[in-house]
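Would you mind keeping the following structure in view while I ask a few things?
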Amino acid sequence: MGRDRFAKQSLGYLYPRIKQSRTLMVGAGGIGCELLKNLVLTGFGEIHIVDLDTIDLSNLNRQFLFRQEHIKKSKALVAKESAAKFNPHIKLEAHHANIKDPQFNIEWFQSFGLVFNALDNLDARRHVNKMCLAANVALIESGTTGFNGQVQPIIKGKTECYDCSTKEVPKSFPVCTIRSTPSQPIHCIVWAKSYLFTEMFGTSEDETPEFDHSEDSENAKEIENLRQESQALNSIRQSMGSDDFARKVFDKVFKDDINRLRSMEDMWKTRKQPNALDFDRISKGASGTKPYVAQQDQKAWTVAETFTVFCDSLRRLSARLQTSQAQSGADTAAPVLIFDKDDEDTLDFVAASANLRSIIFGIESKSKFDIKQMAGNIIPAIATTNAMTASLCVMQAFKVMRGDINKAKMVFLERSAARVINSDTLKPPNPNCNVCGVMSSALIVDPNRATLNDLVEDVLKTQLGYGDEFSINNEVGTLYDPDLDDNLSKKFSDLGVKADSFLTIIDDDEESPRVNLSLTILEKSLPGDTKAVQLPGKLDIARKPKDVPAPTSNGDTNGHVKAESIGLKRKRSLDEHENGVQQDHKRGKIQMPSKAMGSQVDDLVIEDDSNDGAIVIDD
């Protein structure tokens, strides 16, 4: 019996198409591992995997294609190697690279029949969405957040794209809140990770993205005081390795700085005053506590245990940094330590420091495990959610490949809802969307001759009939508008406009503006007697519809939805039955998944839920 017998019986005429398909999967993490397994076992003929990340110890509990021996290796390459064992009759190609690299251009995207997004990075997801629209390739977008998941088929011109609804921007904290008036555990964790740790072992807190250092008339004095505190802490850093180093650091941040805050009486008229800690008193009470208490990561430590972990982790980190400094050459940059959620030394220091500060301000202490989730900018990933989401991706892909767009659905996973799996019909494109609610075209450019003025005069004004009120924009910002004409004489290459980049033309005509025009740059040497900038064909650009609502926020990017948002019915109350009230069961507005995936890199993404006070951390 052939391995594809049941697939043929289940999929019928679709199976040969699947077997001959060329598919792209972006992301080989939690969803990606499950999704690749599904694609391989289903029999998708050729699959390309793109992922820039490497395998970490924390991945192994749910990303089942990876093993201990794979740590620090490329996710894409190892996923290819592991998944190939499931089905030797398919072709797998792995790319250990950033999907935004120039090699993955529009022509490359056009070579695929279907694209799957398995990313947790907001910027990368937007890029893939934009490239698929430009290449006119169907995209299956997906994301998870804990027990919540989401799958969204995106087809150009027929459904909403990923950017049809605005996504929430990663939140930064005013530096005065973090450094002077914390009120939540996350404030203390950000302080420990992005201020104290970096001042002691890394770079200055002025460079950390979680802090908003903007000044105004009310906080300028406090900002200056905080800068002086940083300078004083930097001088203490010079005594690293001495016997009294731990005391100096402790007294500075948990006693002296707190007493300074207490002296600012106006600050505490409506807040509870913090209470400074005494090194000698706590040290005496912690005399019998051993450092191995740090291994107890599921419970909140006592004050004595927290103090012991603080001193011991400070000692360990100091020794590491001094060793690195001794081994570095005179002509190299000064070595620093970087926080890593999987580095026990750095995590112990941040957890202990955050909890000591929480004690000072009367805030609930957190376990080391909880702090790891928050400081590491991650939501606890659930393997079951990833597996279900990946399965739903393939189910929706079948409908797209059959051409049954009307049967394709936006699908949500919701643990707290009446049903675990819920769906909603796909919405048409939002006319006001800046990504898909536009006219798209290629723009042929001779890189040796083309200037911005050639585009303005020869194409936009002469050929397309634009007036004077319009602007030209790219990813960096505005290149031209009526008040900014300094760039007209510059070549495209001088402006950073290269092959496969995008230009957006926004018509600002007050009476009847055109929809935005998105131009994809195609570089080509053109004969000297022809225009240096050309359109490949005739364009008929539609006018913007009037009174169309702008895109609205749809919540999280990674599948965090609320039950009432997805059309679930609630029971009528007794009063409603008695009064004859008719329930309206129209579907509510869908809250689409959102992340973070900022930055990303190491930026903290936080959503405050006004209903239950929960904090969602996204990475």
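Positions of Cβ are set from backbone N, Cα and C atoms, glycine also.
Bear in mind that TrEMBL entries carry predicted annotations, made automatically and left uncurated.
The active site, glycyl thioester intermediate annotation in TrEMBL covers Cys176. Taken from TrEMBL, the feature ATP binding site applies to 27-32, Asp51, 59-62, Lys75, 120-125. If you look up TrEMBL, you'll see Cys161, Cys164, Cys433, Cys436 marked as Zn(2+) binding site. The compositional bias 'Basic and acidic residues' annotation in TrEMBL covers 573-585. Residues or ranges marked as compositional bias 'Acidic residues' by TrEMBL: 604-619. Among the features that TrEMBL reports, domain 'THIF-type NAD/FAD binding fold' is placed at 17-435. Look at TrEMBL and you will find 311-372 tagged as domain 'Ubiquitin-activating enzyme SCCH'. Here TrEMBL flags 443-523 as domain 'Ubiquitin/SUMO-activating enzyme ubiquitin-like'. The feature region 'Disordered' is assigned by TrEMBL to 543-619.
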If you draw a 10 Å sphere on the Cβ of Cys161 (Zn(2+) binding site), how many other Cβ atoms land inside?
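24, counting other Cβ atoms within 10 Å of Cys161 (Zn(2+) binding site).
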Enter the number of other CB atoms within 10 angstroms of the CB of Asn61 (ATP binding site).
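Around Asn61 (ATP binding site), other Cβ atoms within 10 Å: 10.
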Let me check the 10 A CB neighbour count of Asp120 (ATP binding site). How many other CB atoms are there?
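27, counting other Cβ atoms within 10 Å of Asp120 (ATP binding site).
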How big is the gap, in Å, between the Cα of Cys433 (Zn(2+) binding site) and that of Asp51 (ATP binding site), rounded to a whole number?
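Just about 28 Å between their Cα atoms.
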Helix, strand, coil residue numbers for the domain 'Ubiquitin/SUMO-activating enzyme ubiquitin-like' (443-523) per DSSP?
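Across the domain 'Ubiquitin/SUMO-activating enzyme ubiquitin-like' (443-523), the residues distribute as 15 helix, 28 strand, 38 coil.
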From the DSSP assignment alone, can you count helix, strand and coil residues within the domain 'Ubiquitin-activating enzyme SCCH' (311-372)?
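Per DSSP, the residues of the domain 'Ubiquitin-activating enzyme SCCH' (311-372) fall into 39 helix, 0 strand, 23 coil.
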Which has the fewest other Cβ atoms within 10 Å: Cys164, Cys433, Cys436, the binding-site residues listed?
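Cys433, out of the binding-site residues Cys164, Cys433, Cys436, has the fewest neighbouring Cβ atoms within 10 Å.
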Counting across all protein chains present, how many other Cβ atoms fall within 10 Å of the Cβ of Asp51 (ATP binding site)?
25
Between Cys436 (Zn(2+) binding site) and Asp123 (ATP binding site), what C-alpha distance do you get in Å?
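Rounded to the nearest whole number, the Cα-Cα distance is 16 Å.
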Across all chains shown, how many C-beta atoms besides its own are within 10 angstroms of the C-beta of Gly30 (ATP binding site)?
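Its Cβ shell of radius 10 Å holds 24 other Cβ atoms.
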What Cα-Cα separation, expressed in whole Å, is found between Gly27 (ATP binding site) and Cys161 (Zn(2+) binding site)?
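About 19 Å separate the Cα atoms of these two residues.
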